[in-house]
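Features reported for this protein in TrEMBL:
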- 554-566: compositional bias 'Polar residues' (COMPBIAS)
- 385-504: domain 'Cyclic nucleotide-binding' (DOMAIN)
- 571-640: domain 'KHA' (DOMAIN)
- 531-566: region 'Disordered' (REGION)
- 65-82: transmembrane segment (TRANSMEM)
- 102-121: transmembrane segment (TRANSMEM)
- 206-229: transmembrane segment (TRANSMEM)
- 250-271: transmembrane segment (TRANSMEM)
- 283-308: transmembrane segment (TRANSMEM)
Amino acid sequence: MAAEVKSNTSRSPMLLTRRASSGVDHQIRNLATVSSSLLPAFGTVIDEGYPRLRRFIIAPYDRRYRWWQMFLIILVVYSAWASPFEVAFKKLGTGSLLVPDLVVDAFFAVDILVSFFVAYLDKSTYLLIDDPKKIAFRYVARSGFTMDVASTLPFQIIYRVVTGKRNGSSLFAFINLLRLWRLRRVGDLFARLEKDIRFSYFWTRYIKLIFVTLFAVHSAGCMYYWMAVHYRIKKMTWIGSIMEDFESRGIWLGYVYSLYWSIVTLSTVGYGDLHAMNTGERVFNIFFMLFNIGLTSYLIGNMTNLIVHGAIRTFIMRDTIHELSRYASKNRLPDSMKEQMMAHLQLKFKTVELQQDEVLSDLPKAIRSSIAQHLFQRTVETSYLFKGISGDLIAQLVPELKAEYFPPKVDIILQNEMPTDFYIVVSGELDMLTHNNGTEQFLQRLGPAEMAGEIGVIFNIPQPFTVRSRRLSQVVRIGHHLFQQIVQPHIADGNIIISNFKQHLKGLNKETLQEIPYIEELMNDTDQEYFESSNGTQHHDTSTFKGGGDAKTNESQTTSMSPDSSTISKRVIIHEHHPDDGDSKGHMTGKVVLLPDSIGGLLKLADKKFGKAASKVLTSDGSEVEEINSVRENDHLFLC
């Protein structure tokens, strides 16, 4: 076996193996319950075919071993209370606590034996060591073994058996305090619970502080009572000054007085009814009060951190709103704009727990995609533009959606702004508005699964409408260029999207259509392309996602709009005559087209659109265009 382990180690020095205990595989089911020291380093390999642990060797993450450790925690709590109590009230090795002490010591003696069979993780190779000799040597060589034995042996009972005397010296009383060594287990437990997401960090920390305080109060009270019992003049003690026969009045009376004094001193109340009467007690009080300063600081600091941690987000929100208010006042922004800014900022802080973008960004892409599919897939499938498209395209679109919340009466899209995103309503309502001659006109109300901004994005024209939230609304958005890149490779789905978009435009009312510039030209281009692709034309021009255009005008234009190209064509408006041309007769009807990649292509396009050959291209100021790259988006060009 040793040779086999050695050979595996040589093949893969960074190998952590999940082992079995007592012939049964117990895999790590919940990483929250496993110490970080048991997790493999980056780059390690978990090999299920690696040999199991040897017989009788226990894995440190074995569930039964974990339950055994939890049971010992209960016994540790008993030891923490009983050890100081027995020293102070002379109950060591006698009385009703004798049997529980022996039973508890027996359980910890068993735990010492069990520790010789618990595998450990080698920090250099990240292997679970199951060699009994190595486990035993490691345990015995550490100081923990000596302290475990010293805190478990019942020295008072051994003394009585060897000497026959019932009571030993005070030395045995202080040796008995070695059982407080077991408290380290409680510290390790709380360290694990604070990292376990199944438990509230606030309450775990709060309970830990309570236990620390109770143990300090109990230990100090017992020690103070022990000093009174062992002082030669009982009347000159803190409790003997008010009750000279306190030793004969009962144990619990003295215990209550001890706790009362300890709590009053710890809380710095100091009523003065119990006070030091001799030098030893005064010295003890000095050190106890110095200890209380540190303990109180520790408690206050921890409680402050717990409270502030819950309120820090509120502090950030209030500071941000204050700075925003100062900015609005300094720049004399209108009250309506200031109210929109404030409402949006407050909603952002209120919904940060629902969005959690920073938290989700740390997750693997597959998990983020699954979350997005669960939240928004149904909404996307229900929206008119994506009805009937393939599941593959839906699966690519949904993870790219960005969720946002908007408070009531906040502008989401402004009329005439450049198209960057379009939106799908998840919940709430949006109003679609237009501005004419300084007046605002209501056009349409959008509800769940309806879209806003897609006309400007698909036609690649300035947004024709203002979109404003009517009430608290949640929307998802996707960027213009990202949408193009995702859809371009899916030719069949692109045809379906164009068909859905065309049907939607035809269903709009006359008032809405009138607000879209060059709608007839854009619709004709869209109809022509859809008709050509529907009749089995081999070439499919995805330039429709950039606002239509004639797919067969020029071969170079087709190439620039192919799915493999990342170039986005410019949209321009061409006219048959220049306004200064005497033959124009005031005719200024223009056509929206996609700009070809050459002047020759543009002249051929003009021949097809207007039925007239042209020899040059002019701008609105009469300058002749010689380089096609000098033309900008939405320029007016005149073909002569």
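The backbone N, Cα and C atoms fix where each Cβ goes, glycine too.
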### Query
Among 65-82, 102-121, 250-271, 283-308, which stretch has the highest count of C-beta pairs below 8 Å with the transmembrane segment (206-229)?
250-271
### Message
Can you break down the domain 'Cyclic nucleotide-binding' (385-504) into helix, strand and coil residue counts using DSSP?
### Response
40 helix, 43 strand, 37 coil
### Message
Below 8 angstroms Cβ to Cβ, which residues of this chain, lying six or more residues outside the transmembrane segment (65-82), approach it?
### Response
21, 33, 58-59, 97, 100-101, 104, 107-108, 111, 114, 118, 179-180, 182-183, 185-186, 189, 215, 218
## Note on the structure
When pLDDT is averaged across the domain 'Cyclic nucleotide-binding' (385-504), the result is 87
